[in-house]
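Take a look at the structure set out below.
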Amino acid sequence: MPNMPHRTIHLFRKGFRLHDNPTLLAALESSEVVYPVYILDRKFLMSAMNMGTLRWHFLLQSLEDLQRNLTKLGSCLLVIQGEYELVLRDHVKKWNITQVTLDAEIEPFYKEMERTIQVLGGEMGFDVLSLMGHTLYDIRRILDMNGGTPPLTYKRFLHILSVLGDPDMPVRNLTTEDFQRCKPAPELPLAECYRVPLPEDLEIPRDSQSPWRGGETEGLQRLEQHLKNQGWIANFTKPKTIPNSLLPSTTGLSPYFSLGCLSVRSFFYRLSNIYAQSKNHSLPPVSLQGQLLWREFFYTVASATPNFTKMAGNPICLQINWYQDAERLHKWRMAQTGFPWIDAIMTQLHQEGWIHHLARHAVACFLTRGDLWISWEEGMKVFEEMLLDADYSINAGNWMWLSASAFFHQYTRIFCPVRFGKRTDPEGQYIRKYLPVLTNFPSKYIYEPWTAPEEAQKQAGCIIGQDYPLPMINHKEASDHNLQLMKQVREEQYGTAQLTRDDMDDPMEMGLKRERSEENSKKGKRARNREQT
Ligand code: FAD
């Protein structure tokens, strides 16, 4: 019936926020009653997303926060455990629902869910409204503008965006007035069966050492804190941030973007305001807006590439005969490689669920083309389980990048598991924090403790090979060998390798070039000064 106000279930899947939430706003504007619902479908979450303990904690914290924030506005969050189709079927009937609203997502498992809901709507007679709120643009517009296919290089992607213009502005924050008209039955929020479960209800270990707490409130606090530092925001240059600082040297906001506790559009426009007030500011690909555009880029390519999270059947990915070696994979995963820099990073990942981008580079390169020659899919799965920001598109996209399977082509540049970390943390403070067993080693041995004389090992209270493993591989030999393998693969599959190739896309390369040219100009100046004196 046209123009009759709806009785709506707003289904949260990501988008756990009350700022810039276009779908929830549309639900409230078109309804006389809105039931804000999260269906906690454990089977779905485990099979589609392989959620590890820290991710569970982050999700439950985010739901609790959403519940508190909705209650403040006079509404509630109804968390219902069970299989999502059955839950919907039941509650549509029970509450006389005429509309289901949900954010449109690009992951195949969420698309499949939306299709099921559409079919259910046809059968049960409710409308389905889905709008995009998780990305800067409606990704379909980017694809259309590029002739129906995804732009496969960042440069081409930026060109398409320049034709499209700026993303839509964020929508206004939701208020008590928005919810006043649309309250579900007052007894509902009190119902015990709708509360957010505790970790122990789900048999998840109770303790989490992660300093990241889930939810919109915490996300907004962190965001505001960063935005106060306008100089830092304006000059942000990704390759110059430090992978082994003891506190994040980048924003650390990814877990909040990943679950939609924060809106990328709001962040984008807050950055634009700061840029507008600065004389100079950094630019994509290395600026902070550039980082959001990398996110958008991977979402766009993932949305229209078959088998994006796999090698087989993925048209942009090199087909590589990776080794299958469960024992080596296990050592990498469990921080037992014998390379302190790699093991410290994997320990931080286990304990906190977040690691710096360049730290991700280091461990991903080590697992794949650098040392172990193990498939990027294996590494991606470990990250998927452990990262708080685990994300279908970004995770797979970056793993393809690091393994030089797609997007990245400077494959001769292999990170050294000893020298990489030393550059920014010569004393090894980061290693000492995450690998306390090595804490008493002198700095000169901290990155390669197996080279320390026996006496030094005894004094450090840690015998290598006994208290901490010997290196699992000879880096020089392995990386030389792998380089030859990679060269061969790329020659054989030249066509695939070219699909995503644009060397200008590589932020590290740009950073290095800039550093080199700055260094050269300094050297030039010093030489000229010497000549003058
Ligand atoms: P900032 O530098 O502050 O950037 C701001 C935001 O931009 C991030 O929060 C993120 O949303 C986005 N962003 C930054 N770098 C990238 C990038 N390279 N690609 C796409 N988006 C980016 N990021 C995820 O969010 N989820 C993942 O599952 C994920 N897996 C990765 C796997 C590997 C092997 C690598 C190398 C990188 C991966 N990244 C992933 C990308 C990147 O490392 C993180 O987004 C970033 O480190 C998060 O920290 P931050 O919020 O401080 O980033």
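The backbone N, Cα and C atoms fix where each Cβ goes, glycine too.
Keep in mind that TrEMBL annotations are predicted by a computer and have not been checked by a curator.
Counting every protein chain shown, 25 other Cβ atoms lie within 10 Å of the Cβ of PHE298 (FAD binding site). As annotated by TrEMBL, FAD binding site applies to 250-254, 291-298, 389-391.
Residues or ranges marked as compositional bias 'Basic and acidic residues' in TrEMBL: 511-522.
What TrEMBL records for 523-533 is compositional bias 'Basic residues'.
Among the features that TrEMBL reports, domain 'Photolyase/cryptochrome alpha/beta' is placed at 6-136.
What TrEMBL lists as region 'Disordered' is 495-533.
The Cβ neighbour count for TRP322 (site 'Electron transfer via tryptophanyl radical'), using a 10 Å radius over every protein chain in view, is 20. Feature annotation from TrEMBL assigns site 'Electron transfer via tryptophanyl radical' to TRP322 (among others).
TRP376 (site 'Electron transfer via tryptophanyl radical') falls within a helix when secondary structure is assigned with DSSP. Here TrEMBL flags TRP376 (among others) as site 'Electron transfer via tryptophanyl radical'.
For TRP399 (site 'Electron transfer via tryptophanyl radical'), the same-chain residues lying six or more positions away in sequence with a CB closer than 8 A to its CB are ALA364, THR368, TRP376, GLU377, GLY379, MET380, PHE383, SER405. Annotation comment: TrEMBL describes TRP399 (among others) as site 'Electron transfer via tryptophanyl radical'.
Separating the Cα atoms of GLY252 (FAD binding site) and TRP322 (site 'Electron transfer via tryptophanyl radical') is a whole-number distance of 32 Å. Checked against ligand 1, the recorded positions GLU296, TRP322, TRP376 give no residue with a Cβ under 6 Å from it. Rounded to a whole number, the C-alpha distance linking THR250 (FAD binding site) with TRP322 (site 'Electron transfer via tryptophanyl radical') is 32 angstrom.
The recorded positions examined here are TRP294, TRP376; by Cβ neighbour count within 10 Å, the least packed of them is TRP294. Separating the Cα atoms of GLU296 (FAD binding site) and TRP322 (site 'Electron transfer via tryptophanyl radical') is a whole-number distance of 29 Å.
A C-beta separation below 8 Å, combined with a sequence spacing of at least six in one chain, links ALA390 (FAD binding site) to MET49, ARG55, SER258, PHE383, GLU384.
The predicted model assigns the domain 'Photolyase/cryptochrome alpha/beta' (6-136) a mean pLDDT of 97.
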